[in-house]
Structure formats: structure tokens, C-alpha cells
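These notes are about the structure you will find just below.
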Amino acid sequence: ALGLFTGIGLSEAKARETLRNAALSAQLRRAVLQARGALGSDLDKATGALLYNAAARLRDPGRLGFLVAYIGRGEIRTELQLSAAVQYLRSHPLEPLDAAGFEQACGVGVRVTPEQIEEAVEAVISRHREELLAERYRFNMGLLMGEARSQLQWADGKTVKNEVDLQVLHLLGPKTEADLEKKPKAAKARPVQAEKQKAPVVENGEVGTEAKSLLEQLRGEALKFHKPGENYKTEGYVVTPNTMALLKQHLAVTGGQVRTRFPPEPNGILHIGHAKAINFNFGYAKANGGVCFLRYDDTNPEKEEEKYFTAIREMVEWLGYQPYAVTHASDYFDQLYTWALELIRRGQAYVCHQKVEEIKGHNPPPSPWRDRPVEESLLLFEDMRKGKFGEGEATLRMKLVMEDGKMDPVAYRVKFTPHHRTGDKWCIYPTYDYTHCLCDSIEHITHSLCTKEFQARRSSYFWLCNALDVYCPVQWEYGRLNLLYTVVSKRKIIRLVETGAVRDWDDPRLFTLTALRRRGFPPEAINNFCARVGVTVAQATMEPHLLEACVREVLNEQAPRAMAVLEPLKVTITNFPAPEALDVLVPNFPADESRGSHKVPFQPTVYIEETDFREELDKGYKRLTPGQPVGLRHAGYIIAVQNVIKNASGRVIELEVTCTKSDVAEKPKAFIHWVSEPLVCEVRLYERLFLHKNPEDPAEVPGGFLSDLNPDSLHVIDNALVDRSVLAARPFDKFQFERLGYFSVDPDSREGKLVFNRTVTLKEDPGKA
């Protein structure tokens, strides 16, 4: 087979890669042998490329043979014709095939003469003559090619290009030295400051961002997904004699509505990668007038807990989505068992006694029980259900080879663990490979959206639905979303909790969704981040600061301002202008005072940040010194130091100052925040949990991720001072503490002692970018 494939022009590496895909190599072998029968054993490289692409894109052997016959007769000679042929065959799955319609659709028998090419190119050049003469060889010649090809759909591309080159040379003459000089780059016009507009905030992907919003990326034809009921037009989709009747029944159930599902396993907490999956599944349905199911993949009772079910739904709803229905794989256990019996009866599944360790890896030995009689497998499967086999003593396996070469995946295994919903009714549980596609079929899912690592399971997905003659949805893959400086695997997070590195799954240093909510990340910011990452096929690994930038954008609009002092320094105003406290009006959003304000008390004793005072005036320092006054934000007063009070160790513990109304004093170089009669609160400041970008990479962190913990990832300030405007705040309320950052009220808050988590700083730390 290796020689057969290299004989049609494949490199040895490509041929070996093809051989690892059993389905593709079988298709290609048939195609090559058929073409050799028509053309002889020496196939040129161009024909070989056509045969390879045909075999890779058509799974139906009958349709492939039909197409290869045209290639063998030389009636399909170009990749353009082949693409049109494949598209026609996918769009017309019913027999008999209209040969005349097929030939017309892919240009069979069409001959484009040199004269036709010459005339078409001449007409195009005539239209662009003035621009060509002005720009000469700097003109975009691709434009000429495109217009000429659009008039001559089946013309040979090289012939058209040669004709374009010839006629351009005739018009312009040979290239001069000026033509060979690089075209200078046009200077980008810098926008006038007044014209700069801030990108609007995206709420659940419904408003435009700097890039396209999520819904714009998912709406209509944007993703080139199939329309409901047109599953057969998807590359790789297998059409059976029952396909069209099943699709008709499917459309009768759904009415042509898009249906997606988000299918998490309830054995852990959702993380930032799941946020993309939630946005993609729920967003695609929403963008196209459809519905999305929340389906728990509860097929492994050993690891499932009620708290995970609850937390998953909370996070879906927190991100702004409401499931059309909440379902469980266990809802369908009876139907799945019935179908397993049918699969055995059809000779497509068997009971196997190989141990788990024997069938692990990519090249396990074939099962000696693969060809056991159907009746025997039926009896043994019933014994499995009755608990007559111990765990690991028997499995039900499906007879197929997956795209990654894995053979006969397991459909059922024995587990003597009560299920949280079905109790002890079952001691056999279905696997993901068996359950997932069949649950999608039961719920009439139109688009089964999953991450790229499931691409190797696409063939088994189609195979199982077709083996049982049930409606077959289409699986589409997209790239995972990963973040640097974190871990998201359930096993590793459990290790972090067990070792005391973090408190629990919702520790604000983690990137689980419950942790991000606790830290104060608004759901809109997470959705905006997913929109900016985009719906990509390639895996996206992002820096945390990109997510934090989305958080700042949203909180800048949502979080009312307050004042807080983390490292207090007492300041006594010796000439306070009133016999009792004054009320100072502070706008909730200084940039838009129409959004309300709050009052804070202003008394003879105030507190400022220690870092806002220095005894010596350094160059560039604009805040308070003995010779340099500052303004108090919002108060309307400027203070000047009169006396510095220190303790026995020489540390400054108090300042005595005088104040002057700001409208009669010289404008100071800076205004600082302050508090008076404040609340004593706990403030938690967070940094990255890990020191390296990829804590799981042995090359970067040889000692393992637990050795990479940042010792300064949490700093707790027990006695921070916050102005009284936050007194009524509740958990998850968010504020901007002026000049300090954005903060969120932690659920640990109690009567008389609020706890705040710093969500993000006001500006990105350049050292972290």
C-alpha cells in the first residue's frame, strides 16, 4: 500500500500518515486501483492529487467510484472541477443520480479555447486600462485574473495567467527600474483625539466590539455550517439509504430550527475554556433563532456530585444564557440499553473480556472475542446488567476503527456504584463514545459543537447513528481556549486544594468560572473575551491580561466609585473650617455625573495612603511633602503639612496639616484620595498563582506545577479603611476604589466586617503584558 500511494505522487510521510487512517487508506486504495484500470499503472501526479482529494472528501464508496470514473476518462481534470463535483454529489444524495446535471455542474465536456481566453482577458484589461497605465506593474494583477476567471469558470488557471501576463507586457512594455522599486507604504493617518470613540461594551455578544461581536460571528452563513436538514452537504457525512427519510422525520420534529447542546460532565467546576463552549453553543443557537439544551453527561457515577450539577447551571445562567431544557444522559439509559442490544443483534458489538490495561494505547492487540456469536454476546451482556461480572471483567465494545486508529471503542462497562438519579437500577454504564451521539440524536440536535480533540471521534459518531438507523446529527469542531499562568484540569485543581495552595474551586486565583465570579469578573467581560478570541478552529492560548482588559472595559462602565485606603496614615486638620463634620458629595461616575452621587463625611481627622506622603521631595514626586501641598479629591480643599509626628522607631504615624479652599489656593500638582470616619474592612490582593507561563510543561517547570506556585499570589490587608458609601454592599457588588483598582465584595463578608477582593488594577501592569 505504501508503494501504491507514493506511486501517485504522495510523499512517503504523507503516504504513511494516510495508512494510519484505515477508512481513508481503504478509499484511496479503491480509487487508485480503479483509475489504474482505466489509465494504466503510471498515474501522473496531477491525477494522483485528484484521486487523493476525492477519497478524502467522499466517504460513500459508490459515489467515489462514480467520480473516479470521470477522473479516469479525463473528464474531470482540475481541482476546480473536482470541488464542484463533490459539492454536487453531497447536495444530491438520492439515487438515481442525474448524470447530465452532474456533468453540467462540474464542467464535463466544456472546452475553453485560447481565443475565448484571449478575448476575455482583453475585455478585462480594457476596463482597467487607465489604472494600469497610471500604476503600471504596481497594479493588483490578481484583480485581472479574478475577473477573467469569473467569465471563464472552467478555463485552466495557468493559461489565463499566461494570457494576462502577455497582454499586460504588450500594454506596458518591459519593467523599468522604477517598476522594480518597492512601493512605499502609505503613512497611516492618526485619528484626531476628538474623533476617537471608545468601543461599546458587549453584553452577551449582542453589541459590536473592536472586532465582530460573537453573534455576528455566529449568525447565518458566517461559519459555513449546514442548514438544518441539510446534514448530507457536510464533508465526511455518511449517507445511507435511510438518511433522507430520517432527515425528513427530523425536520418534522424541529420545524427546521437550529438545535445545539452544552454537555458538561458533572464531576468538576466549569473553567474559562468552558466559557467559550457555552458562548459557542448557546450563542450559535441564539444567533440563528434556535435553542440550546443543557445536558449533563452523567455516565460516571463514581465522580459525580450534586454540587457540580448546581454550580454548572448557575454558571450558564450567570453568563446570561437560559437553557431550552435541562436534560441528563441518564434520562435515556433505558433507550441506550435497548439500542445496545440492537447493536449486538446487528453484529456490530460484542462482549469482550480484555483488561483495561490491555486495550489502552493506540496499538492494542485485537480482541480474541471480536467474532463471538451474537447470541453469546446477548447473554453475556444481560449477565453484565445483572451484576454477574465484576468491574473490569467484561465490557461491550463496538466493531469499528476510529480515525486515530483506535479499534473497537468500549460502549458499556461494569460499575457497582449507585447513580445519583437512577439509584442502584444499573450496574453497567455507557461511555462517552457510545452515549454522546445517541443523546444528540434523541434530542434532534442539528449542530453538535465540540472542541478539536474530538475530531478523531467524528467517524465513530456517524458510524454509530448509521449502524442503528437513527437520525445522525453533524459534529463540528472548534479550537479550545486556554490561558497561560494557570491550570484547569480537575485533577490538578483538586491537588491544589488538597495541598492548601488554594482554598477551594472558587479561590479567586483560579480560572474556574466560580473563581472568576468571586474575584469580581463580570459575565459580560468573559463573554466579550470569548468574542474577541473568536470562533476559531485552531487552539487559542491567551495571556490573562487580555481577559483583564475586557474586565476593565466593563467595570469602568458598571462599577461606582468609592475611596479606600489600604495603608493608612492619619492626618489631622488643625484649622478644620467647621465645628462639626461636613458632607462631601462624590459622583458615582465622575465622567457622567448624571448617574448619581453619594455622600461621605469630611472631619478634622482623615486618612491617606502612606505612599502619598514623603518627608523629602524627590524629583518627579507630585504628592504630599512638607513643602508641597496636595488636593483632597472631591472635598474642595488643599492641605499643607505643618508637623510630622513619628513613633519611637522613627516611623511617621501622623501628619498635622492646615487646609485651604481650593478656589482660593494655587492649584496643586496632584489630588489624592482619602477617607474619614471609615469602615474597617479586609482587602485581598491577588497576583498570578504560578510563576511560569506553562506550569504544566516539564520543559518549563521540571519540578511539576506544584513547584511553580507564586509565594506572593495572595496578600491580605486586615485593616483597610473604606468610605462609608459601601456600608450596604452585598456579596459580588463591585466598586472602583479610586486610584487603586476594581474591587468586589467577597461572600466571606460578615456583619461589621466587609471583605473585598481586588478584581484587577486600574491599569495593566506593563511587566505582565
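Cβ coordinates are placed from backbone N, Cα and C, and glycine is handled just like the others.
Ranges compared are 179-200, 201-222, 245-266, 729-750, and TrEMBL records region 'Disordered' for 179-200. Sorting the domain 'tRNA synthetases class I (E and Q) anti-codon binding' (671-746) by DSSP state (H, G, I as helix; E, B as strand; all else coil) yields 7 helix, 31 strand, 38 coil. Secondary structure of the domain 'Glutamyl/glutaminyl-tRNA synthetase class Ib anti-codon binding' (559-659), assigned with DSSP and counted as helix (H, G, I), strand (E, B) and coil, comes to 6 helix, 52 strand, 43 coil.
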